[in-house]
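Feature annotations, courtesy of Swiss-Prot:
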ACT_SITE  Asp264  active site
BINDING   Asn195, Leu196, His197, Glu198  ATP binding site
REGION    1-320  region 'Ribokinase'
REGION    346-477  region 'Cytidylyltransferase'
Amino acid sequence: MKDSLPAFEKAKVLVVGDVMLDRYWTGPTGRISPEAPVPVVRINQLEDRPGGAANVALNIATLGGQVSLAGIVGEDETAAALTTGIQALGVEPKWHVVADKPTITKLRVMSRSQQLIRLDFEEPYQQADSQALLDSAANSLADVDVVILSDYAKGALIEPLAFIQQAKSQGVKVLVDPKGSDFSKYRGATLLTPNLHEFELVAGAVTSEADLVEKAHKLLEEFDLEALLVTRSEQGMTLITAENKELHIPTVAREVHDVTGAGDTVISALATSLAAGSTMAEACAIANTAAGIVVAKLGTSTVSRIELIESLSDTHHSETGFGVVTEDQLMYALEQTRLRGERVVMTNGCFDILHAGHVSYLQEAQAQGDRLIVAVNDDDSVRRLKGDGRPVNPVGRRMAVLAGLASVDWVLPFSEDTPQRVIARLLPDLLVKGGDYKIEDIAGGKEVIAAGGLVKILCFEDGISTTKIIENIMANQ
């Protein structure tokens, strides 16, 4: 697969929010303390990882984007460790220092890949601290394409409305990872990325897909938002826009070890992609893939460009369902294919006994675009068209042979006499047919043309047909 990711190195992003340090103390445990019924952990590994808004910034830097980070820290050893950690990966710190408060720290004690306890070191920040941070961050708006507000309700983003309006007035997109049940503080933002629980806290319980979309549109209007991206764990994520467009993206996670920082990964990949020129739909697909990678890791983690490319390639070759597919599987595969900007070609036929003419025709069809769909008449459909004694090969075998050709990406059956319904649903960019047809007589052609696609006639190789092959076999018996 080609590297279809945008030029992340061109992305310029400012992250503003609650920064913290995630500390991991790890070691074996083999006995219970005589002082209390708790395990004794013999610590042999210490690790610091930037967390919260700092993890968002690290994700952007790891993807290759240019990123600066504005947050509140104390005047302490933890702040120094946090600064060292982000600068080492190319993140520019823009701290507001509050000397009488500790830098927020989450200390986790680990053993055998399990978290035994978490200790939090923090004190809430005041309105004056938050305002000073936002005023300082506003000075960087002219240098960026996208701003992320990473809200963990620790006090960095108490009243960000004026900052959002200032960013939007300068043409800067504002993405928000929200916290709590009050979305009014984010009014006017470009996009919010609540998880389903956060969404329901504001909109009420979701009873169906249609209900989710309806509730989302109400929030878009109420809070003057351009879009909502609702992350839904194993159900993937759903994008709803003020332009009445909805896109559901299924999850791509293979294994889930730790959801720590998954929301950070989603919004960082989304922002980096948008800043690099991706559409909203493209950026959401990339963010979904990034989230699937990070939940397979233990602890707060980042995702690299190489990991994204490899994961997108794996998804492209498996979960999008190459080979023999159902219509629903193919609809999702096409959604992902079009996000990558690939041209889809479609043809159809009985393909009862695959011969050299078929092979050359399918090769020519595939050469017209990037991906080729072959719709195949099922057995009853062939029988109605060709008469008793046909098909020679049942539909399962015919599709298996077609799917084995290098020129064919997807094969699916249809039961009608013509594939018009299937073509009208799939709407390829190019519909091709072999033989002496007129374009206006090709099933599904009108629907494809009406949708902005093309219809093309290709030539079959002379002197080769399934009927002649069958006649020759019968004559030689």
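Positions of Cβ are set from backbone N, Cα and C atoms, glycine also.
Mapped onto this structure are the features recorded in Swiss-Prot.
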residue	record	CB count, 10 Å
Asn195	ATP binding site	20
Leu196	ATP binding site	16
His197	ATP binding site	10
Glu198	ATP binding site	20
Asp264	active site	30
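Counting only the Cα atoms, the space from Glu198 (ATP binding site) to Asp264 (active site) is about 15 angstrom.
Between the residue listed as 'active site' and Asn195 (ATP binding site), the C-alpha separation comes to 11 Å. Under DSSP, Glu198 (ATP binding site) is assigned to a helix (H, G or I) in the three-state scheme.
Shown in sequence order, Pro194, Phe199, Glu200, Leu201, Val230, Thr231, Arg232 are the same-chain residues outside Asn195, Leu196, His197, Glu198 whose Cβ sits within 8 Å of the Cβ centre of the ATP site.
When DSSP labels each residue, the region 'Cytidylyltransferase' (346-477) comes out as 54 helix, 26 strand, 52 coil, counted as helix, strand and coil in that order.
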